[in-house]
Amino acid sequence: MNLLDYKSRPILSLTSIFAAWKSFLLAIALGASIGPDYDTSTSLFFAIVHGASSPRSLATRLTRWDALYFMHDAVKGKVYEQEWAFGIGMPAAVRSICGLLNLQRWEALVAIAISHVSHLVAVLALYQLTIVLCNDRKLAYLASVVHVLSPAGLFISAPYAESPFACMSFVGNLLYAISLKSSPDSLKRNLAVVGAGLSYGISCTLRSNGLFGGVLFAVETVKCLLALRNGFSISKILRLVAPLIGGILVAVGFVAPQVLAWMRYCNGNEEQRAWCGHRIPSIYTFVQAEYWDVGFLKYWTPNQIPLFLLAAPMLTILLKSGTETMREPSRGLGAVAMGTNEESRLLVRTLAAIQTLLAVLAITNYHVQIISRLSSGYPVWYWWVASCLMDKQRQSLGYGVIVFITMYAAIQGGLFASFLPPA
């Protein structure tokens, strides 16, 4: 039996490639245990939280950088103000599973398991999303393989929110694409749109950039409102309800953590923090600026030039694939211009615009080096690379991207497991 036969056994083939690549990355992480850590934060954290009962080597090697915040939240809840920079979704999931199965002291390994399972689900969701949009099995397979080999590397194996975020985003995209294949007035379409909103809402609890998913529902709402200019009908009004509910669910996913923080810090008789008096009292934007110095052009300093250079290849891929696909969707999905409806092309263009916006914000506002892991949750560049691999004129470009992302992921894996930058 050929495990790599994408035509007859695509799911088995993708799962086999996924298992092989993850085994390779985990071997790198375990191999890094030979040398001493650059930073002792992990060992100190586990000593404080778990005492003499130290976790296994794999857990310590993957609990690096921001994973410490996620794991502290999973074990102790949000104790310090700066912890609100990180989503509540991943720690809540770990805490719930550990409580349900009585797996206290196993939080890190449970989080690692969640990351792996959600990454695999994301791979399969991307495959099915591509099939729904253009029915090209080879393109779907290649795009999913590129997602397996994501430059995010060990970040999507570690106790981070990147894998669950990609999972919920791709599931949301898939449900939205399924809705476009149904009759405009059908219950199936409306339920799929609401389900997509719920998925994106959950993604907002994992990473704040899940809010970009709301653009899909805003576009659909505008379309429905414009349709009302030609006359009112019950079906047109009902058609408007689903994207409105979907958009509200996305907003709730983003706002809910802010409300919880406001109730904790701003709703008592104690001295309130400065952000409580802001016009929009968001703890997230406050702690990002206060503790991580995130803001417009704040990262544009001479000492950050190496990080901009490090991020340049991935930014170039995101911008090039995004802008090309916005102009002509077939540059990303070869068959999307032929045999698919205008709604599907609009969806692809919207996803390309969201990806382009992410890249621009990474340049102007974010810590630019995180783009390699943020990119893992956006499908357009995977389609674009896959289409390059299938196009003889652009095939060398596609192979070049594959070589780059695999080398980047492998090297970054060794650095990550040793607690070395960049993060």
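Note that the numbers count up from 1, one per residue, in the order the chain is shown.
From the backbone N, Cα and C atoms, a Cβ is placed for every residue, glycine too.
For the transmembrane segment (11-31), same-chain residues at least 6 beyond its ends with a Cβ under 8 Å from one of its own Cβ atoms are 3-5, 57-58, 61-62, 116, 119-120, 123-124, 127, 141, 144-145, 148-149, 153-154, 157, 409-410, 413-414, 416-417. The transmembrane segment annotation in Swiss-Prot covers 11-31 (among others), and the record cites sequence analysis as its basis.
Annotated transmembrane segment per Swiss-Prot: 106-126 (among others), in sequence order, evidence recorded as sequence analysis.
Per Swiss-Prot, transmembrane segment is recorded for 139-159 (among others). Long-range Cβ contacts of the transmembrane segment (139-159) within its own chain (Cβ-Cβ under 8 Å, at least 6 residues beyond either end) map to 6, 10, 13-14, 17-18, 21-22, 25-26, 28-29, 62-64, 67, 70-71, 74, 90, 94, 108, 111-112, 115-116, 119, 122-124, 126-128, 130-131, 166, 314, 333-335, 372-373, 375-376, 379, 382-383, 385-387, 389-390, 401-402, 404-406, 408-410, 412-413, 416-417.
Taken from Swiss-Prot, the feature transmembrane segment covers 160-180 (among others), and the record attributes it to sequence analysis.
Here Swiss-Prot flags 197-219 (among others) as transmembrane segment, drawing on sequence analysis.
Tertiary proximity for the transmembrane segment (240-260) is limited to same-chain residues at least six positions away from its ends with a CB under 8 Å from its CB atoms, namely 84, 87-88, 179, 189-191, 193-194, 196-198, 200-205, 208, 210-211, 213-214, 216-218, 220-221, 224-225, 228, 281-284. What Swiss-Prot lists as transmembrane segment is 240-260 (among others), and the listing cites sequence analysis.
The transmembrane segment feature in Swiss-Prot is assigned to 299-319 (among others). Panel annotation: around the transmembrane segment (299-319), residues 151, 293, 355-356, 358-360, 362-363, 365-369, 371-372, 375, 378, 381, 384-385, 401, 404, 408, 422 of the same chain, lying at least six beyond its termini, place a Cβ under 8 Å from a Cβ of the stretch.
What Swiss-Prot records for 351-371 (among others) is transmembrane segment. Tertiary proximity for the transmembrane segment (351-371) is limited to same-chain residues at least six positions away from its ends with a CB under 8 Å from its CB atoms, namely 173, 209, 212-213, 215-216, 292, 294-299, 304, 307-308, 310-311, 314-315, 318-319, 321-323, 325-326, 329, 332, 378-381, 422-423.
The transmembrane segment annotation in Swiss-Prot covers 400-420 (among others).
Taking Cβ pairs closer than 8 Å, the transmembrane segment (106-126) reaches residues 11, 14-15, 18, 22, 55-56, 58-60, 62-63, 67, 70-71, 74-75, 90, 93-95, 97-98, 140, 143-144, 147-148, 156-160, 162-164, 166-167, 169-171, 173-174, 377, 379, 382 in its own chain, all 6 or more past its ends. Remote same-chain residues near the transmembrane segment (160-180) are listed as 66-67, 70, 86-87, 89-90, 93, 114-116, 118-119, 121-122, 125-126, 128-129, 132-133, 147, 152, 188-190, 192-193, 195-197, 199-200, 202-203, 206-207, 210, 213, 216, 242, 341, 343-344, 347, 351, 373-374, 376-379 (criterion: CB distance under 8 Å, separation of at least six residues from the stretch ends). Long-range contacts of the transmembrane segment (197-219) within the same chain: residues 87-90, 92, 161-162, 164-165, 168-169, 171-172, 175-176, 243-254, 256-257, 284, 346-347, 350-351, 353-354, 357-358, 374, 377, each at least 6 residues beyond the stretch ends and with a Cβ under 8 Å from a Cβ of the stretch.
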